[in-house]
Amino acid sequence: MKKNIKKIALAYSGGLDTSIMIPWLKEHYEHAEVIAVICDLGQQEDLDAIKNKALKSGASKAYVVDVKNEFAIQYLWPLVKSGALYEDQYILGTISRPLIAQKLVEIALTEQVNAVAHGATGKGNDQVRFEYSLKALAPQLEIIAPWRAWDIKSRQEAIVYAKAHGIEVPVTPKAPYSRDHNIWYISHEGGVLEDPSQEMPDDVLLMTSPVSQAPDEEEMIILDFKKGVPVALNEQKLSPVALLNSLNQKAGQHGIGVADIVENRLVGMKIRGIYEAPAAAVLYKAHKLLESLCLTRSTLHLKQSLQQTYANLVYEGRWFSQTKQALDAFIDVTQQHVTGRVKLKLFKGNIIPAGMHSPYSLHHPALATFEEDNVYNQKDAEGFINLFSLSAKIYSQVHQGGNYD
């Protein structure tokens, strides 16, 4: 216990983990003032109720910060441009953690607190993501991680503690799903989901229709991109938040964007998670199609080789790093001409290409045609093939006892 800590800023969500933080912090840091910081990431919760809950739990102040637009522009759009997927599957919804940490620091400095606290467990990735960002942004602040300090060892014990302190939580011992929700995705973990051999229960999905219940008619959508960033849906220019919300609704009802995966956590263990990300799935598909039209072969291949590096960086929470800045600089150059329109059909969990166009398209029918043309001289290929395959020919001659004649 640090006796000199008199004021603490807490990253507060109102869920189980952070619901019990306020009384615990006040108990273990005598006379400490707790300030709750709530970020509106589009989680579609009653944030006023969460604010009141924080105050009723003993917080002296509670801030609600609307970061949805900032989240989309400064975090999600760079992610779309990168095309990064962690382990080729995970859509990286926890990219929100550095932004939460940033807002926590801003309020902490304004309020002149001694310490900041978060509700991430000692078994998960979020503790690393939060604390990496906090140390990068405000290394002078003390960091408190109650899950690594208290005697509570399970979610069931946390529920008991909450009830003992009169704190209402949206979780019961029989259905202890741990959910994280923002405008990019919803994640589901815990309970029966911890066993990968068990099929996902029907009560898990919140934003996406089961494929069996999806419409029997396909839906055509049109996405416009400018320099790798989505700017319009169905020929209507929308704000980033409105575009994401609309696309989540459209793609979600068609059963698109559900991932049931086992991922490797940064802290060493494997975890099963169910992720819903309808808009993200569609945007990634459309962006990838447009890149195939607009990027040169060598640029596309180099970018693809760096996507896992970028995904790892985001997954590990290294958003405020020199590496991330360098990768963003490269990606921004690749996106200068990723501008155009992509048409897609949404149908029972499938995203089907239905045409694309770009003023910067590098695809020229006159060159690619299988019909007779006067542009491409096929005889030119012979010299290229001879030079391209020369090393293979020499290797074969040397190791098979051949000669150079």
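Backbone N, Cα and C define each Cβ position, glycine as well.
Just one of Gly93, Gly119, Gly122 is listed by Swiss-Prot for the same ATP site as Ala11, Tyr12, Ser13, Gly14, Gly15, Leu16, Asp17, Thr18, Ser19, and that one is Gly119. Of the residues Ser187, Ser246, Ser292, Swiss-Prot puts just one in the L-citrulline site with Tyr90, Asn125, Arg129, Ser178, Glu263, Tyr275: Ser187. Cβ neighbour count for Tyr90 (L-citrulline binding site) (all protein chains, 10 Å cutoff from its Cβ): 22. Under 8 Å, Cβ to Cβ, and six or more positions away along its own chain, Ser13 (ATP binding site) finds Ile38, Ile50, Gly119. Taking the binding-site residues Ser19, Thr121, Asn125, Ser178, Ser187 in turn and counting surrounding C-beta atoms within 10 angstroms, the largest count is reached at Ser19. Nothing from the binding-site residues Ala11, Ser19, Thr121, Asp126 places its Cα within 10 Å of the Cα belonging to Ser178 (L-citrulline binding site). DSSP assigns Glu263 (L-citrulline binding site) to a strand in the three-state reduction.
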